[in-house]
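Quick notes on the structure that follows.
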Amino acid sequence: MACIATALFLDNFLYSYIIPILPVMLEQRLHLDKSETQSATSLVLSVHASVAMVTSPFVGHFADQIPSRKLSLLVALGVQLVGTMIIIVSLSVPVLVIGRSIQAIGGNAAWIVGLATLAETVGKENTGEALGAVSSFFTSGTMFGSMASGFLLHYVGYRATWAVAIAALIVDMIMRAVMIENKKESADQRTAFDTSPGDMEAAQTNTAADEQVNERTALLGSDASSDTEYQSFLMPQTPNADDHDDDPKLFNSTNNSRPDFPSSSPPSPPPRPAPIPSASRTPENLYKFILTNPRALTALAAHATSAIITTSIDTTLPLHAQRTFDWNSAQISLMFLLLQLPSLILATFMGMLKDRIGAKHLTSFGFLAQSASLWVLGAATQDSEVGGIVDVIFGKEMREKYAEKITLVALVAMGILRAFTSGSALLEITNVMKSFQSPTANSPNSSSSPPEAENTGDKPPHKKSNNKMSSAFSITNFTWNLGMLLGPIISGVLVEKVGYYYMNTGIGGISTVVGILSGVFMGGLKHR
């Protein structure tokens, strides 16, 4: 899990690494005019989300075709390395955009494959805890990336700054190369989550691959040691027993010429059922299934809203703090530390809590409370000329005196509340997919496979590497990148048109709607 968390952290780290140093690159290395710097900056930063949105479905599809997660992660890392090298040596905006696009494809692949690997590695009962911890960790990569590059560029220069990014990529490659993949795909441990019906039947008969598959071997062939003892007790066999009865309902006796008995005649211990899901348990059209499932749709909306809130703060708060409070870059960096640190500390605990009681109420509360915090963040500096509620209640002098402190308190509250919503969408999508793909315990097919599902041995079962989990996470990644793309656009337009206060109020309104939807449609209390 540490390897996956590091991969996702590095993706966000590289995404934000270029942000504080991009103006310097454009003006000093690419020699752009200062009047063109802002438009070029917007182009370079927005291309990451755009490319990730377009490539997410394709990346998820191809990742499902590669049996090894390790190989998928190494390929993703190689693509990121190529993109980063192009960014470092670029001397024109088009080349810089190409490098950023390649970097986005690699980071997108690492994100999708990493989340799918994490979902398959941890048990369903611990998914929330794992996703909560990892989600907080990789989200903090955005903060550390921008902080590190800004300080490094100031103190050690351009080349040394990018040398740190390359070194991080190499370390991550080594970690992925030694990553231990989940070995739950053995014959007697394969589950319905990553196994098709044909694979399950093949696993049951793995110890008797050269024998004819009949009713006797289907019931007793899954546990070699216990079944051998049982058969020896029931009917001792001699080494000369070479014949196999063609009737699947009979088994041969090797003592004298006694007739064959039906397999149900002798007393036997209760058979161990071999749950085999029906073919309908795997969605033929995953995208249609996700987009018509209210619970999954709500999770996607929550995921996009989290991205919108995050990027709206990243886009508007630094400039707002600089103009309003005259904060320098170091103070702004510490401001983001206050925003990230609480969620980083609380993420694991909140994930454990979601595993126990479900994500519904925690996520709903988190979004509703975030909307209030966003309002406070904007109201702290709201001008009374536009009818500031705070000024009416407490007075303009009081608000101006404590505006900085109110802003910092609102940021800490936002950081705490992020832990309530962080990872909830990923947890919901994971549980939706696992619930859909797992066999129903009480279904007729749980004890034995239907005749039409029997593996007759004519054709080998088709193996599905990862059973569409990567494709499912490609959808969540698409919605996250959609939020990353819409956040700066919405917040930037609102700040210019109606001001910082109403921008925060508008984003808070979106958070309120998603909080209500989460309380209605997300998964609730887990009954164990």
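Each residue, glycine too, has its Cβ placed from N, Cα and C.
Taken from TrEMBL as is:
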- 1-527: domain 'Major facilitator superfamily (MFS) profile' (DOMAIN)
- 40-59: transmembrane segment (TRANSMEM)
- 71-91: transmembrane segment (TRANSMEM)
- 130-156: transmembrane segment (TRANSMEM)
- 162-180: transmembrane segment (TRANSMEM)
- 186-212: region 'Disordered' (REGION)
- 234-280: region 'Disordered' (REGION)
- 264-276: compositional bias 'Pro residues' (COMPBIAS)
- 332-353: transmembrane segment (TRANSMEM)
- 406-427: transmembrane segment (TRANSMEM)
- 438-454: compositional bias 'Low complexity' (COMPBIAS)
- 438-466: region 'Disordered' (REGION)
- 472-495: transmembrane segment (TRANSMEM)
- 501-525: transmembrane segment (TRANSMEM)
What is the pLDDT of the domain 'Major facilitator superfamily (MFS) profile' (1-527) when averaged and given as a whole number?
71
Going through 71-91, 162-180, 406-427, 472-495, 501-525 one by one, which has the most CB pairs that fall under 8 Å from the transmembrane segment (332-353)?
406-427
Taking 162-180, 472-495, 501-525 as candidates, which has the most Cβ pairs under 8 Å with the transmembrane segment (40-59)?
472-495
